[in-house]
Ligand SMILES: O=C(CO)[C@@H](O)[C@H](O)COP(=O)(O)O
Ligand SMILES: [Fe+2]
């Protein structure tokens, strides 16, 4: 199992985005998490292609884009051209999920599928072999800095079993309310990738916080 931290740039200081990227480049974080919101799928609007293109110029690390937009299949080619590595779509936002995951991989990216806290794991059972990663939301999507929903821990354990029983290599990512208090327990429950926004960028020493999340 992998053990990766993907800091969410949603909580970064956008006026100092270049410095924030350089700080992450120096850190133990292997991925950059990029939250794209359209104001329709979620009640918030974040950033899109120009910002992701700028971040791509600042790092060689893995760009992990989390699309909180309706009909994400419309923009798969755009994100591929920007150099995104993992493209994650919500199963609630695309009607033909199987086709969408295949289209992401056809563009040379790794395909992720995200589930809202209220969505059952059975929603993705049939497409599990097509997914390189499953993102479990541990808050309702749309905002950083929310409280971790505790029932997600059991969901992680059940997803771990589903993946292992099928002999798959699918990564499990958890997103929302992750901090230095719950990180260890989340890795132990079976997560491969922890997204952390507020815990990293809201701390006095983000580089040290990333190391603590990994401990
Ligand atoms: O996708 C989202 C929110 O919708 C996340 O990636 C948040 O940005 C994580 O922030 P924290 O909960 O860690 O502050
Ligand atoms: Fe996210």
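Glycine is treated like the rest: Cβ placed from N, Cα and C.
Quick look at what TrEMBL lists:
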type     : residues                                 : note
ACT_SITE : 35                                       : active site, proton acceptor
ACT_SITE : 175                                      : active site, proton donor
BINDING  : 8, 66, 142, 143, 144, 145, 175, 176, 177 : substrate binding site
BINDING  : 33, 35, 66, 175                          : divalent metal cation binding site
Specify the count of other C-beta atoms within 10 Å of the C-beta of residue 175 (active site, proton donor).
25
If you compare CA-to-CA distances from residue 142 (substrate binding site) to each of the recorded positions 35, 66, 175, which comes out shortest?
35
Looking only at 8, 66, 142, 143, 144, 145, 175, 176, 177, the residues listed as binding substrate, what is the longest Cα to Cα distance in Å?
16
List the same-chain residues at least 6 positions away in sequence whose Cβ sits under 8 Å from the Cβ of residue 33 (divalent metal cation binding site), in sequence order, or say none.
6, 7, 8, 9, 10, 64, 66, 175, 195, 197
